[in-house]
Amino acid sequence: MKWLGESKNMVVNGRRHGGKLSNDHQQNQSKLQHSGKDNVKAGRNAGERRSSRCNGNSGFEGQSRYVPSSGMSAKELCENDDLATSLVLDPYLGFQTHKMNTSAFPPRSSRHFSKSDSFSHNNPVRFRPIKGRQEELKEVIERFKKDEHLEKAFKCLTSGEWARHYFLNKNKMQEKLFKEHVFIYLRMFATDSGFEILPCNRYSSEQNGAKIVATKEWKRNDKIELLVGCIAELSEIEENMLLRHGENDFSVMYSTRKNCAQLWLGPAAFINHDCRPNCKFVSTGRDTACVKALRDIEPGEEISCYYGDGFFGENNEFCECYTCERRGTGAFKSRVGLPAPAPVINSKYGLRETDKRLNRLKKLGDSSKNSDSQSVSSNTDADTTQGRNDASK
């Protein structure tokens with residue numbers, strides 16, 4: 001995955017959909033983690049060096065005016081993201097989206113620190129969904145889509161007894177960080193965001209997934225500045241405390257440039273992978289990012305990024321993206337006992353995968369599905385009518 005202007009020096013750990021990592025990939029990742037952990041401390045103390053590198057000639061883009069540096073620890077990012085999505089996205093979509101703190105504490109077998117270590121103040125807080133307010137919260141989001149009043153929406157979202165208890169143990173800075181994180185999610189519904197979040201049940205590993213879809217035309221090299229990702233570095237201890245394999249490790253990557261694992265959450269974490277992506281991630285600060293269009297994007301087209309060569313198994317053999325389905329590769333590649341794809345008569349010439357042609361084919365496929373469903377419905381109605389007429393006779 002080319003992450004924030006880096007070349008192929010990033011190992012992605014986790015899953016977004018169909019995330020079946022190969023053994024070789026896991027072993028390589030483990031080697032990278034052990035080889036890089038000695039340099040984590042030095043990397044953290046080099047804040048000025050990292051900051052200047054972001055503004056230099058390393059391939060990073062300029063900072064966005066929308067997203068200040070979050071400054072959240074991994075634990076804070078997990079807690080803030082869980083609560084923000086439960087207040088904003090879950091009521092709107094009608095189901096619970098992915099959460100980081102899915103249980104009170106990782107199983108004992110997954111912990112690798114000694115009994116003498118004291119981390120009680122850093123233990124992750126188990127996520128508890130806000131119940132009984134879903135319709136009320138959804139109305140708040142619908143009102144925000146009309147008036148776009150951030151402060152008013154935040155006040156309505158955080159009203160109630162639960163909020164008083166929640167903020168009781170938070171200092172002013174923690175309250176500010178949480179508020180800014182909620183604002184990031186609210187801005188997804190702004191008129192000028194240029195995208196929307198919709199349910200997505202395409203992928204086998206997700207029952208209640210989501211996708212990001214463009215609502216306006218984006219030109220090549222445009223930045224989708226409100227489609228924000230938030231990053232927090234993970235120490236080895238934090239990895240053991242916060243992550244559970246196959247459960248909440250959907251947005252974790254390992255940076256060989258910074259020699260540490262990084263947690264990646266926020267609205268951009270809902271971007272799905274495609275082997276022919278139309279966007280890429282670009283930096284907007286030390287620990288934030290947005291996406292940049294690689295080609296023209298039409299309204300209604302899903303926004304996608306490339307996760308990496310081995311994210312869905314060896315050579316992405318388990319990938320379920322649209323491109324793999326169209327090409328007959330990844331999870332759609334013919335297996336033993338299944339019919340092989342029709343051979344190409346003349347492989348010297350072929351139609352290039354242009355955006356317009358692919359969009360036209362997709363629209364034709366969608367219209368064909370709709371006509372088929374309408375045909376089935378009309379036939380069913382006709383059969384029912386005929387049956388009634390026969391019965392009346």
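Numbers here mean position along the shown chain, with the first residue as 1.
In case you wondered, yes, glycine gets a Cβ from its N, Cα and C as well.
According to Swiss-Prot, the features are:
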REGION    13-66  region 'Disordered'
COMPBIAS  24-33  compositional bias 'Polar residues'
COMPBIAS  53-66  compositional bias 'Polar residues'
REGION    103-126  region 'Disordered'
DOMAIN    193-308  domain 'SET'
BINDING   CYS275, CYS319, CYS321, CYS324  Zn(2+) binding site
REGION    360-393  region 'Disordered'
COMPBIAS  367-378  compositional bias 'Low complexity'
COMPBIAS  379-393  compositional bias 'Polar residues'
### Task
Give the sequence-ordered set of same-chain residues, not counting CYS275, CYS319, CYS321, CYS324, with Cβ within 8 Å of the centre of the Cβ atoms defining the Zn(2+) site.
HIS273, ASP274, PHE312, ASN316, GLU320, TYR322, THR323, GLU325, ARG327, THR329, GLY330, ALA331
### Task
Have a look around CYS319 (Zn(2+) binding site) and count the other CB atoms within 10 A of its CB, chains all included.
26
### Message
Taking the Cβ of each of the binding-site residues and counting other Cβ atoms inside 10 Å, which one has the highest number: CYS275, CYS321, CYS324?
### Response
CYS321
### Message
Can you give me the average pLDDT across the domain 'SET' (193-308), rounded to a whole number?
### Response
89
### Query
Using DSSP, would you call CYS275 (Zn(2+) binding site) helix, strand or coil?
coil
### Query
Counting each residue once, how many in the domain 'SET' (193-308) are helix, strand and coil under DSSP?
12 helix, 52 strand, 52 coil
### Message
Which secondary structure state does DSSP assign to CYS321 (Zn(2+) binding site), in the simple three-class scheme?
### Response
coil
